[in-house]
């Protein structure tokens, strides 16, 4: 790896960890799911490790899947801890008060929200955090979300992304509708603002009609950092045009290199440099002094997932397929029905099963800890070797760390893996800037609405 090549590291914060068995792990603390001090302790640990950001994934439904699927699987659902039990904007605003440097990122869907509301929320969060906010832009494919917003089914794939593109464009205009320096607050002159620096955007499009301006000053970062996680063709196009960070699930180095090259190769037609997009594959890390001890941690937590829930979860990831009709200790059938949910994630999981000849039981044990992301175990050196190889061979610019069980696995990562990366000179030893854009090496966007001076 080149001497100046630094990797970026964030982490996904789900209550007791991303593994569905994580809440049952001996050191887990599921009783603290709504305790702000619990969240603060873990985020401060990540900040001690100089990580770029904390990511709170969000959904506007309690469970995944259709109403019928949920009704059939009530008991199975009760075997798993919910992925979230607090609304993320409120939680991140609280965490901003107990942290100084780490970025704070959350999800908001373009399918069941309005641009003005999202522009206002993220601009406010960016001010509260002093420039540390990020928006993970998603389009909703979860039927449970559709059912919470008066729909019998979700919006079709292509339509979701068309709406998302316009949605993001409107939000950008709204963030830029109040120029830097628009508010003079001149007490002597009796003039609070400059009308020439406050703009009505007057957007009229296929999906939205928005006059503006925003009633929040321009964010400290200009725009909060835009994150995107879709790996389908429309998702990669959206990322190439608008995203600054991409979360992705890639199981192999070859797949990672192909995705990296593909999504960055689409950017030039939008007038963007590939340096302005950070590709961060998700990875679940089990680290210990020996490889066998690390693997034992993986096996322990994997065996804590009840079969009924494992089948339900795998069924949802594969597109609501009834897996109970198949032998749990046999292979995944070749002729699976069409997917109803995320097509790219389904493909990752099917390829994993075929490549490693996994039974259905082995497959749900693998994905219950990662939802299609890569799981690795080993010593700090072995983990760092893999990280370094992926960045050196342009399969990643860094990683979105998925702690399997909390708080222990975050402590392990910060105490053992981070020092090894720092020793190699490929991860920072101190924060060098104050904003999330600074951490990621991203420039502050120019104002698209302001007239040239």
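Backbone N, Cα and C define each Cβ position, glycine as well.
Among 35, 52, 58, 75, only 58 appears in Swiss-Prot as part of the FMN site alongside 107, 157, 161, 231, 232. The secondary structure of residue 157 (FMN binding site), as reduced to three states from DSSP, is helical. Residue 58 (FMN binding site) counts 18 other C-beta atoms within 10 Å of its own C-beta, drawing on all protein chains shown.
Overall, the recorded FMN-binding residues 58, 107, 157, 161, 231, 232 cover a maximum inter-Cα distance of 20 Å.
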